[in-house]
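A.B. asks: Input: one structure, supplied below.
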């Protein structure tokens with residue numbers, strides 16, 4: 001593939017990303033939550049392993065949301081008559097977002113628990 005072909009692929013990918021962020025309401029929850037988690041990780045001086053898990057979880061949640069948005073958009077284009085098979089597919093895609101989001105919260109609890117309480121103990125004894 002030529003360099004121009006790669007540039008075009010990235011342009012299209014970023015166009016899709018920014019369109020989804022502008023139009024999908026769930027990003028107004030996911031992006032601030034990601035920013036809060038990243039801010040907490042900076043303040044608590046996460047080690048590289050914790051950073052890897054945190055960034056991976058954020059990436060998985062955002063990827064699931066993007067795939068769900070793509071499926072919703074495709075479903076609207078294909079059938080506007082509320083086909084029950086399409087509804088099941090959309091509900092299942094939404095369940096995938098819910099599942100990975102809940103998993104991210106639990107993993108976040110494990111990631112932040114020890115660094116937070118270590119920071120808290122240091123703060124209270126200083």
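Cβ atoms here come from the backbone N, Cα and C positions, even for glycine.
Among the features that TrEMBL reports, active site, proton acceptor is placed at 65. Residues or ranges marked as ATP binding site by TrEMBL: 24, 72. What TrEMBL lists as substrate binding site is 65, 94. Residues annotated as transmembrane segment in TrEMBL: 49-71, 92-113.
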A.B. asks: Using a Cβ-Cβ cut-off of under 8 Å, list the residues of the same chain that are 6+ residues beyond the ends of the transmembrane segment (49-71) and lie near it.
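C.D. replies: Distal contacts: 16-17, 20, 23-24, 26-27, 30, 34, 37-38, 41, 89-90, 93-94, 96-97, 100-101, 103-104, 107-108, 111, 115.
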A.B. asks: What residue among the recorded positions 24, 65, 72 has the most other CB atoms lying within 10 A of its CB?
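C.D. replies: Highest number of other Cβ atoms within 10 Å: 65.
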A.B. asks: Cα distance, residue 94 (substrate binding site) to residue 72 (ATP binding site), nearest Å?
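C.D. replies: Rounded to the nearest whole number, the Cα-Cα distance is 9 Å.
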A.B. asks: Give me the count of other Cβ atoms within 10 A of the Cβ belonging to residue 94 (substrate binding site).
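C.D. replies: So the Cβ neighbour count for residue 94 (substrate binding site) comes to 16.
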A.B. asks: Rounded to the nearest Å, what's the C-alpha distance separating the residue listed as 'active site, proton acceptor' and residue 24 (ATP binding site)? Just drop the number here, would you?
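C.D. replies: Distance between the two Cα atoms comes out at 9 Å.
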A.B. asks: Taking just the CA atoms, what is the gap between residue 94 (substrate binding site) and residue 24 (ATP binding site) in Å?
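C.D. replies: Taking the Cα atoms only, residue 94 (substrate binding site) lies 13 Å from residue 24 (ATP binding site).
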A.B. asks: When DSSP is mapped onto helix/strand/coil, what comes out for residue 24 (ATP binding site)?
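C.D. replies: Reduced to three states, the DSSP call for residue 24 (ATP binding site) is coil.
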